[in-house]
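Novice: I'd like to ask some things about the structure below.
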Amino acid sequence: MSDKERNVNYFRKVNNVNVLGSHGAGERSETETPLVAWGAGIRGPLPATETDPSSPHSWELAHIRRSDVRQADIAPLMATLLGVPIPANSVGFLPREYLSLSELEVSEAVFTNARQMAAQYNRKKELTESGTISILYRPFPQLTKYTEQTLMTEIRKHIEDGQFTHAFNLRLGKCHCHWIREQLVDQMMIDDDLLNCVGVKSVQSLPCQYYVYCILPEVLWWVVLRRHEDIYAALRNTSKSRGLLSLLFPCALYLAGIEILVLSFFYRFVLSIGVAGLAVWPLVSLRIPWMLRIGWLASCASLALFPSLPVVGREANTPLVVASGCVWIMCALMFIYWGSSSNFHDTPRAVGVLLLQVALLSVAIWNIHSTSSSLVNKQGLLSFNQTLSWALSGMSMLLPLCGSQWVPIRLVHLFLSLALPFLLLSASHEGFFLLALTINLLCWLTLEHHQSYQHTDTKPLSQTSFCVSGDEQLENRPLTSRNIASINSFDPTWVHCFLTVFSPFVMTALILWKTMIPFLAVTCVFRAVNIIVQAPTRRLFLIVLVFCDGMGLHFLHLVTNQGSWLDIGTSISHYVIMQTTVLFLLFLYEVARGLTGINIWTAFVCFPYRSSLHPSSTSLLDDGYITNIPHSEVYIYTGKPSTVSNLLYECEEGKEHVE
């Protein structure tokens, strides 16, 4: 036999990428890769049949029969062809259809593969048995030591007798599936006695995380059951005073809301259903003016359109971004015109800041068009446009701190400031989405204020406040990002107004800032609503925590280690996102507290003249206590509102109070 005939040739492409340059998304072009082998021990090509799966046209192998294998199966194939032992940690099965060997040689190779699997199983069994109390250890009944020896002897006898078909049917490859899918020992047994549970875990020398997994449920249920009498009394009193239906109906709505939010992670159109439900809910249960009804319905209807729109792609649509910026300017000018006829506090300064923000927004729109034109003309990002983008973004975030502290004006200041960098980072219709979101938030704020004035002894919209907040925070996710599992799905052209040279850290920071802007807008309004309903902040975030845990419980059972890289990464990302949402909202809430409370004008201009008379002022904080706070904090005014401009906060020259 010549050297050429003794050679084995093996070729496999590492991975594939799609036309956008990403991989791991589960598409056929990304998960299938050609495997070509020829030489000694490899059978020749066979003609393809109609029943065989078709190969991609780019491979030019449509005329040859496919023999698909898993990636793990390549290790035993190469070991068999080279005549070396199969790797100890291999979990692959030998693909017999690739081999051109005698039946005896194939049987011996498969038998070797089975023994390697059995050795892996035995090692796993020894490790489990050594760390488990003997009375708790339960061996896998279908593959005991006796059964293994019996099967080994029977297979060897069949091979020696030439009964190769019987040997294949009895090979131990089946044990590989069992020891992966079945648990040998129930190591998560939890005794009713907490001390016994700790003792059992200690004797078994289990890892430290087992104590957390096993003991934490015991502690939590112990805390809950300690107050079982209070819980039972509360449920009994509620059912007697309001009826059982009044208790079950809100719970059913909460559960439906959680399911809608969970489904929205997989099907974007479900968010439209959730927003439609939110549009109807307060209108049915509350008495509100017809103008406010129309505004709320219109804002919800416009917001519900966006989940049905295509996901923002990689190609920038500059005319659409410019159009959204022009609509922003028109809305700001309408607010200024409408507000000039109302009784604004500190009107000249507030209007001046608003006009300056409109001017900056106009310059930003021109800069977007200019940058796009220079890139289309192959001139690159000009230094002037780049410097202007950074300067506009920085100035826009400082202007709200110089404006009025009156709620409607301060929120409009914040929305215009957030819109400027958001538009600079936009590629398509995101600007319209942020505008619809802010209008919806202002309508929500007006609803809460209207009900708080009509029902001073109740918590208005207590059921809907948290649902609206959570829904609108999740609303922007499918619109501001394409793929939460991998940062490579974000296109660098989205940040072309700031930089065009690849800089992963700066690009990531800009993209995260764009993603956080809608969350920050919601949190600022959430803080204002929190003060209106005078609910403790701790209680609100506990309710948000319950909702997030309910969603997290769904995603915990959806975490998978099978499928494409995108499927695995997405399942993990969903769970991690829900577990960190409360911490993220707490951080944003503190940021919103500063953005809605700090006033540079008061601190550096008015403060020197007022500090001698009013070293501190008094305001009603979130926890319901009267506390001394700095001048920069917001103030509550509970007089009767005539328009939306007469909302909550009041800061008069030389006088701060809570009425």
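Backbone N, Cα and C atoms are what each Cβ position is placed from, and that goes for glycine too.
Residues or ranges marked as domain 'GPI ethanolamine phosphate transferase 1 C-terminal' by TrEMBL: 200-458, 483-564. For 245-263, 295-313, 319-338, 350-368, 388-407, 414-447, 511-533, 540-560, 572-589, the entry in TrEMBL reads transmembrane segment.
Can you tell me where each of these features sits in this structure?
Specialist: The average pLDDT computed for the domain 'GPI ethanolamine phosphate transferase 1 C-terminal' (483-564) is 79.
Taking Cβ pairs closer than 8 Å, the transmembrane segment (319-338) reaches residues 351, 354-355, 357-358, 361-362, 364-365, 368-369, 412, 416, 419, 423, 426-432, 435, 439 in its own chain, all 6 or more past its ends.
Among residues of the same chain six or more beyond the transmembrane segment (350-368), those with a C-beta under 8 A of the stretch's C-beta atoms are 318, 321-322, 325-326, 328-329, 332-333, 335-336, 339-340, 344, 385, 388-389, 392, 395-396, 399-400, 402-404, 406, 409, 412-413, 416-417, 419-420, 423-424, 497.
Using a Cβ-Cβ cut-off under 8 Å and counting only residues 6 or more beyond its ends in the same chain, the transmembrane segment (540-560) has close neighbours at 254-255, 257-258, 261-262, 265, 466, 469-470, 530, 567-568, 571-572, 574-575, 578-579, 581-582, 585-586, 589.
Outside the transmembrane segment (572-589), and at least 6 residues removed from its termini, the chain residues within Cβ reach (under 8 Å) are 265, 473, 484-485, 516, 519-520, 523, 526-527, 537, 541, 544-545, 548-549, 551-552, 555-556, 558-559.
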Novice: With helix taken as DSSP H, G or I, strand as E or B and everything else coil, how many residues of the domain 'GPI ethanolamine phosphate transferase 1 C-terminal' (483-564) land in each class?
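Specialist: Looking at the domain 'GPI ethanolamine phosphate transferase 1 C-terminal' (483-564) with DSSP, the answer is 59 helix, 0 strand, 23 coil.
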Novice: Would you mind listing the long-range same-chain contacts of the transmembrane segment (414-447), meaning Cβ under 8 Å and 6+ residues beyond its ends?
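Specialist: Residues packing against the transmembrane segment (414-447) from afar: 282, 286, 288, 292, 295-296, 299-300, 302-303, 305-306, 309, 312-317, 320-321, 324-325, 327-328, 331-332, 354, 357-358, 360-361, 364-365, 367-368, 389, 392-393, 396-397, 399-400, 407-408, 460-461, 468, 472, 475-476, 479-480, 491, 493-495, 497-498, 510-511, 513-514, 517-518, 520-522, 524-525, 528-529, 532, 595-596, 644, 647.
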